[in-house]
Amino acid sequence: MGSAESAEARRVSFEMDEEERVRVLQGIRLSESVVNRMKDCSQPSAGEQLVPGFGPSSSAPVPTVPLPAISVPTVPAPTTPVPTAPSSSVRGLPGGTCKGPLTDVKVPSAESGGGLQSSAVKEDLKKFQQEQLAVQDEMVRVAKKEKEAAEKHLKASLPKKKASLTHEQQQSARLARELEDREAELSRRDTFYKEQQGRIQEKNAELYKLSSQQFHEAASKAESTIKPRRVEPVCSGLQAQILRCYRDHLHEVLLCSDLVKAYQHCVSTARKG
């Protein structure tokens, strides 16, 4: 286009106004229709989302995009669209790419952003699953270690318990034998004491019988040798008087002294006679 009317194509550059919109191409004023098209192209679609790292909030420096060589005819026609410079999306500003022969710069779309988010979620899920598996493995390892320690402790304490049990059984058997021996000794002594007691009782019975027999024989012999004799009391009258005097004079017993002297004289006389 324009090659038939212009024998030579020249390179052009663009300039921007305060709103960063292309207005001038090497001193050539753009038409209003071209400006409107650029406005329409620079508006982002409703379903389009900002891609992380490509918006204006990104702190990365914006690379300088060289302007491609565009052939411009010497006599521009108002109805013919003139090639425009790259839109703000090429410079890193938010917005979509314009449909036109401007540049071939590829910007990540919403689908690519969703893919990045999905991959990030998958990575997080994979990391979480790996951590969970690691925790489960650690728990299994700890449980196995505790089980091994318990089994080891049980195995170590089992011989001691067995030896202690054997010792207790031996001691119980020894004590049982000693108890049986003690019971047998007590039974033997009980039998011996009963025999001795029986013998002593028999001997005592024989002695009692013999002593009783001897006593009766001696009593019979004494009765046969000793003759009985009647004895009358001596001075019985004086005895009665003395007792009556003492009874009547409890606090004056000296009053009975004459009776006592008479009783003594009577007894002496009876002994002499």
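A Cβ is built for glycine as well, from the same backbone N, Cα and C atoms used for every other residue.
Look at Swiss-Prot and you will find 75-84 tagged as compositional bias 'Pro residues'.
According to DSSP, Cys266 (disulfide bond) sits within a helical segment. The annotation disulfide bond is assigned in Swiss-Prot to Cys235-Cys266 (among others) on the grounds of sequence analysis.
A simple way to gauge crowding: the CB of Cys256 (disulfide bond) has 19 other CB atoms within 10 angstroms, across all the protein chains here. Secondary structure from DSSP puts Cys256 (disulfide bond) in a helix. According to Swiss-Prot, the disulfide bond annotation covers Cys245-Cys256 (among others), on the basis of sequence analysis.
Across the domain 'CHCH' (232-273), mean pLDDT in this model comes to 86. Taken from Swiss-Prot, the feature domain 'CHCH' applies to 232-273, supported by sequence analysis.
Feature annotation from Swiss-Prot assigns N-myristoyl glycine to Gly2.
What Swiss-Prot records for Ser13 (among others) is phosphoserine.
The annotation phosphoserine is assigned in Swiss-Prot to Ser31 (among others) on the grounds of a large-scale study or a structure entry. Taking the Cβ of Ser31 (phosphoserine) as centre and 10 Å as the limit, one finds 15 other Cβ atoms among all the protein chains shown. DSSP assigns Ser31 (phosphoserine) to coil in the three-state reduction, placing it in neither a helix nor a strand.
The phosphoserine annotation in Swiss-Prot covers Ser33 (among others), and the record cites a large-scale study or a structure entry as its basis. Every protein chain considered, the tally of other Cβ atoms within 10 Å of the Cβ of Ser33 (phosphoserine) stands at 12.
The motif 'Cx9C motif 2' feature in Swiss-Prot is assigned to 256-266.
Looking only at the disulfide-bonded residues Cys235, Cys245, Cys256, Cys266, the one with its C-alpha closest to Ser33 (phosphoserine) is Cys245. Within 10 Å of the C-beta of Cys266 (disulfide bond) there are 16 other C-beta atoms, taking all protein chains into account. Looking at Cys256 (disulfide bond) and Ser31 (phosphoserine), their Cα atoms lie 191 Å from each other.
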